[in-house]
Amino acid sequence: MERAEAYGFSGALSGAFLLSCLLFAAVSRRQRGPYMDEVFHVPQAQAYCHGRFLQWDPMITTLPGLYLLSVGVVKPAAWLLGWTGSVVCSVGMLRFINLLFSAGNFYLLYLLLFKIHQKNKAVSGFQRILSALTLAMFPTLYFFTFLYYTDPGSVFFTLFSYLMCLYGNHKTSALLGFCGFMFRQTNIVWTVFCAGNVVAEKLNEAWKIELQKKKDEKISSRKGSFSDLIRTLQFLVEYLISPKNLVTLTALTWPYILLVSLFFVFVLINGGIVVGDRSSHEACLHFPQLFYFLSFAVFFSFPHLLTPAKIRKFLLSLRKHPVQYSLITVISLFLIWKFTYVHKYLLADNRHYTFYVWRKVFQRHELVKYLLVPFYVFAGWSFADTLKSKSIFWILMYFVCLLAVTVPQKLLEFRYFILPFLIYKLNIPVLSLYRQLLELAFYILVNAVTFYLFLNRTFQWENSDEVQRFMW
């Protein structure tokens, strides 16, 4: 890192942290007590603070990583600073843990951008800093910096694990992946993703050799047609059934294999992936979740995914491959018809944005969910098109992980999209300066509206005296 870039990054990180501290103070003043899921998280952390490690709230569905880490940070800090009484493990102190995670996420995002795009000399240090700042301000993640939720810590350990994987420190990566798993069980998918990075790299090397032997076209030109995909999948199967290749891959990825094995042992002993209340977190094949995620990605990446050039390119592709797109459309319609689920929380809880998205869009008419299919097809094509700089094996691996982390979820919840979206944004080409500034301005605007609604547009339910607030 050059000196000017180091100063610029330090300034951006310090400025973002100062802004977050000011927002943190505003949120803490307006909402002093636990809100929403904090009603479960805060008392659980406070029980751990008082040494009651066997106490567990059955309504909590995640493992106790957040509470254990909070106690490990707050208790020594309280001892060093002489804090006593109610201030130790208070709501404000516990929320402050996520403010620290937010700063850590900013730093990790910058390091990941530096590592992933280090070969691209056209990307300046200022662009890397601006990209890291934009992703750190990503609205769905940034909002939960100010509440005691698992999201900032879950993102921190997953990004840290991914960074260590890219640097080849696979044992450290797996250990950090375990920490991420302790925050949220579905993070095991991103452990598989890290292992998949290693496998994809080896496959890409072998694929290049295969093409060179056949004196064929370069890899990037072989992503365009269905026949090329079939040939690639055939090579993939042949490579993976070779005992020699399997031994090599196992030797490289054994820390991840060990962690995934421990995950399956946990699922077997626990009787499922969810701890605590399982009635509202049943797994199902909710394929439209993929379509919702793609729409979410287009909305938050519109300077990259929703441009006139993209639309023209898509229409050209549509004209060249009408049969393939027709087949994709039919499959999408079928998946929506047979696999659309509506969670009771989505219909009942009017504090979440998803409630209004569902009511204002999907509940307007029964046919709306089908009429959106052309947009889903465009969103999927545009999303995949921005990843064309990656190898075909990396793309396949990422989409398998994307399906694994979204499809089994019955509840439409934007928080579930945070990690797949960040991984995607880290791996696509860095935007031009103009588009980066446009995206950052958009994120700031969305954050400003969200915090204004949360802090100032309160309301009450008829059967409750508690103040309710709008949130993600």
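Each Cβ is built from the backbone N, Cα and C atoms, and glycine gets one as well.
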Matching 171-192, 325-346 to TrEMBL annotations, transmembrane segment lands on 325-346
Assess whether the transmembrane segment (254-275) lies in contact with the transmembrane segment (325-346), where contact requires at least three Cβ pairs under 8 Å among residues 6 or more apart in sequence.
no
Per the Cβ under 8 Å criterion, with at least 6 residues separating them from its ends, the transmembrane segment (287-305) contacts 138-139, 332, 335-336, 339-340, 369, 372, 375-376, 379-380, 382-383, 386, 402-403, 406-407, 409, 412, 414, 417, 420-421, 424-425, 428, 431, 435-436, 438-439, 442-443
Does the transmembrane segment (440-459) reach the transmembrane segment (367-384) with at least 3 CB pairs under 8 A, where each pair is 6 or more residues apart? no
Does the transmembrane segment (325-346) come near the transmembrane segment (126-149), with 3+ Cβ pairs under 8 Å (pairs 6 or more apart)? no
Maximum Cβ pairs under 8 Å to the transmembrane segment (126-149) among 6-27, 60-81, 93-114, 390-407 is reached by 93-114
Long-range Cβ contacts under 8 Å made by the transmembrane segment (6-27), restricted to residues 6 or more beyond its ends, are 95-96, 99, 102-103, 106-107, 110, 125-126, 129, 132-133, 136-137, 145-147, 451, 454-455
